[in-house]
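Asker: In case it's useful when we look at the structure, here is the feature table from TrEMBL:
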type    : residues                               : note
DOMAIN  : 41-145                                 : domain 'FAD-binding FR-type'
BINDING : R94, Y96, V111, K113, M120, S121, T162 : FAD binding site
Amino acid sequence: MELICISPAELLRATVALSLVGSTVAAYLYYNKPKGCLNPEKFMEFKLEKKTQLSPNTAKFRFVLPTPTSVLGLPVGQHIICRGIDSEGLEVIRQYTPITLDSDVGYFELVVKMYPKGRMSHHFREMREGDYLSVLGPKGNFKYKPGQSRELGMLAGDSGITPMFQIIRAILENPKDKTNVHLIYASVTLDDMLLKKELDAFASKFRSRFKVYYVLSQPPVAWNGGTGKTISREVIQSFCQPAQDMQILRCGSAAMAAQLNALGYKSEIRFESMEWNCCDLGHGVVQRILRDCMST
């Protein structure tokens, strides 16, 4: 093999050239954002590329997009509607929020907790690599805009963490967004918590901007977080004190809403969406919701 000697000057010119090419490509992608693959009026089919079991009842599903450079096209804060078949062969839909952003090209990922009696859970449990998922979207009334408030307080229960995770990623991975985030995440056991490893990594990397506090109803013996069946008023008050320049996002039980009401959080600083209080929906409800989707 022949060795090629490159002078420092030549190396510098090559580095500058590559830098300019990279900047040009980045600028092109910024001003010419690829069209998303979603359709708010028609279900689109996406192939399951990889299913990774995270726990006995939770898995991460990676779906491929039409091309390696395709983006899903889901605004931050919005969700998708997934359609499947339950254990009795009936159609069912449920709302989910991907944990990926449009900066992740060529694919999108869902982290799904599959409940024993969940109708859509059955569909995901039965999915195998190579199967297709029917997806409709984007849907939702909330769209996050960088810097829309100085601080975001987040209350999440169990699998309700996924909508929050999407927004947390968007904020922390955007160097221009200086929003501070305080997350209170409640679940049953430590093993039931989704994305805890990723959340802890964010808390370690962005110490001044992201704080997370965990609450368990069945904590282990050595536990320094909160305890209880829901997020208490005292915990909310400690971590998410009401202020004019903050907003509250909730994805959890009605008990959390009651605590916010008692603490005086006004409706104009509180946000929820259909996905954030979702359940499996049967055939009759599916048809009605789909008609509503088509008319919006």
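Indices start at 1 and increase along the chain as displayed.
From the backbone N, Cα and C atoms, a Cβ is placed for every residue, glycine too.
Burial and contacts for the listed features, if you can.
Answerer: When averaged over the domain 'FAD-binding FR-type' (41-145), pLDDT in the model lands at 96.
Within the same chain, residues at least 6 positions away in sequence whose Cβ sits under 8 Å from that of T162 (FAD binding site) are Y96, T97, P98, I99, L110, V111, L194, L195.
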Asker: Which one, from the binding-site residues R94, K113, has the smallest tally of other C-beta atoms lying within 10 Å of its C-beta?
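Answerer: It is K113 that, of the binding-site residues R94, K113, has the fewest other Cβ atoms within 10 Å.
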Asker: Per DSSP, how many helix, strand and coil residues does the domain 'FAD-binding FR-type' (41-145) have?
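Answerer: DSSP composition of the domain 'FAD-binding FR-type' (41-145): 8 helix, 48 strand, 49 coil.
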Asker: Apart from R94, Y96, V111, K113, M120, S121, T162, which residues in this chain have a Cβ no more than 8 Å from the mean position of the Cβ atoms of those residues at the FAD site?
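Answerer: Here the nearby residues are C82, L110, V112, M114, F124, S159.
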Asker: What is the total of other Cβ atoms whose distance to the Cβ of M120 (FAD binding site) is within 10 Å?
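Answerer: Result for M120 (FAD binding site): 24 neighbouring Cβ atoms inside 10 Å.
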